[in-house]
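Participant: Relevant sequence annotations retrieved from TrEMBL are reproduced here:
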{"type": "BINDING", "residues": "R21, H26, E32, F33, P34, G35, N117", "note": "8-oxo-dGTP binding site"}
{"type": "BINDING", "residues": "G35, E55", "note": "Mg(2+) binding site"}
{"type": "DOMAIN", "residues": "1-128", "note": "domain 'Nudix hydrolase'"}
Amino acid sequence: MLRVVAAIIHNPQGEILIARRPLHKHQGGLWEFPGGKLEDGEEAAHALIRELQEELGITPTSFRPLLIVEHHYPDKSVRLEVWRVTGFDGEAHGAEGQPVAWVPPARLAEYDFPAANTPILKAAVLPEVYAITPDPLDIGGDLPGWLTPRLREGQWLLLRARSLSAESYAGLAAEIAGLCQACGARLMLHDRPDLLAQLPGHGVHLTASTLKALPEGWRRGDSGIGAEHYLSFSTHDQAELDKAWRLGADMVTLSPVRETPSHPGMPGMGWECWGSLAVGAGVPVYALGGMRREDVTLAHRYGGQGIAGIRGLFQD
Ligand SMILES: Nc1nc2c([nH]c(=O)n2[C@@H]2O[C@H](COP(=O)(O)OP(=O)(O)OP(=O)(O)O)[C@@H](O)[C@H]2O)c(=O)[nH]1
Ligand SMILES: [Mg+2]
């Protein structure tokens with residue numbers, strides 16, 4: 001497996017740098033995130049700095065692992081170790097004569113990238129924390145009131161409210177969608193694609209039992225989930241991850257990393273096992289199960305997108 005580092009480089013305007021691969025190279029003519037192959041015995045962080053100096057004439061000063069993607073092309077297999085770079089010295093330019101462009105994240109979809117990049121493109125716009133709401137019953141009933149001071153711009157929110165009837169959930173979802181829209185947060189509906197029609201830019205999170213029940217031929221459009229929506233699944237093992245990928249998931253949760261009070265007796269799989277599943281998933285993976293905010297670093301180190309959870313992931 002060819003080890004490669006690639007960089008999602010942000011400028012202060014929130015744009016991301018992409019470069020066009022020379023025609024004569026593997027996947028030539030397509031756009032890419034700058035980077036390249038590790039040399040023998042080289043550390044990934046060192047390769048990242050070296051490649052960005054060689055290809056763009058910049059030196060990264062602030063960076064961290066984002067996700068790892070393994071992909072099999074017909075002619076070679078690559079392991080792309082993707083880093084997020086938020087600070088650098090120098091002026092980025094195509095130092096090897098290649099065209100480069102700063103692109104707002106929402107417009108990345110207009111460019112053609114190699115097939116291995118599909119999960120990376122999704123990861124580029126996804127957050128590192130995927131917050132799940134507590135059940136209204138557990139916080140005294142008034143979820144909109146509880147959420148209002150805690151919602152942040154750019155936050156992603158899964159509205160889980162198992163104690164509510166289908167009708168009450170629909171009403172609450174409409175109210176919370178309004179709150180999210182007002183502050184630039186995104187709402188993921190829990191197992192209710194039927195409520196998505198009026199909510200472009202928002203999404204739906206389907207449970208592992210829904211995933212199990214969906215036939216292999218299912219396509220997101222069959223349930224009214226458009227390209228303008230996000231589709232997430234709960235998964236617990238390799239088989240569920242594979243199916244979520246085949247059905248076109250944009251992101252998934254993979255749990256439990258640790259045993260949690262909500263699922264007593266279900267042992268955690270631990271970070272090693274979690275990471276070995278996450279890197280091959282082909283889709284950004286969130287760690288779930290006993291997560292604390294500081295675990296985001298571990299999730300990145302093991303190749304995931306970030307962490308998901310209820311308590312502790314909302315800022316008070
Ligand atoms: N840098 C980079 N490589 C990618 C991306 N996506 C992707 O599939 N790759 C593949 O990963 C491998 C990395 O190669 P590279 O050509 O950048 O390597 P390099 O900079 O060391 O160049 P070299 O060809 O001069 O040795 C290629 O097979 C390329 O097709 C991406 O977004 N960025
Ligand atoms: Mg390169």
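The backbone N, Cα and C atoms fix where each Cβ goes, glycine too.
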Participant: Among R21, E32, P34, G35, all listed as binding-site residues, which has the most CB atoms within 10 Å of its CB?
Facilitator: P34
Participant: What subset of the binding-site residues R21, H26, F33, G35, N117 lies within 10 angstroms of E55 (Mg(2+) binding site) at the C-alpha level?
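Facilitator: Within 10 Å Cα-Cα: G35.
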Participant: Max Cα-Cα distance in Å among R21, H26, E32, F33, P34, G35, N117, the residues listed as binding 8-oxo-dGTP?
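Facilitator: Of all Cα pairs among the recorded 8-oxo-dGTP binders, the widest measures 14 Å.
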Participant: Should H26 (8-oxo-dGTP binding site) be counted as helix, strand, or coil on the basis of DSSP?
Facilitator: coil
Participant: For the recorded 8-oxo-dGTP site formed by R21, H26, E32, F33, P34, G35, N117, name the remaining residues of the chain with Cβ within 8 Å of the site's Cβ center, in chain order.
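Facilitator: Leaving out the recorded residues gives A6, A19, Q27, L30, W31, F113, P114.
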Participant: I'd like the Cβ neighbour count for H26 (8-oxo-dGTP binding site), meaning other Cβ atoms within 10 Å of its Cβ, all protein chains included.
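Facilitator: Taking all protein chains shown, H26 (8-oxo-dGTP binding site) has 12 Cβ neighbours within 10 Å.
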Participant: Taking helix as H, G and I and strand as E and B in DSSP, count the residues of the domain 'Nudix hydrolase' (1-128) in helix, strand and coil.
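Facilitator: So the domain 'Nudix hydrolase' (1-128) is made up of 30 helix, 50 strand, 48 coil.
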Participant: Can you count the other CB atoms that lie within 10 A of the CB of N117 (8-oxo-dGTP binding site)?
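Facilitator: Result for N117 (8-oxo-dGTP binding site): 25 other Cβ atoms within 10 Å.
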Participant: Under a criterion of Cβ-Cβ distance under 8 Å and sequence separation of at least 6, what residues of the same chain contact F33 (8-oxo-dGTP binding site)?
Facilitator: A6, A7, I8, I9, L17, I18, A19, V82, N117, I120
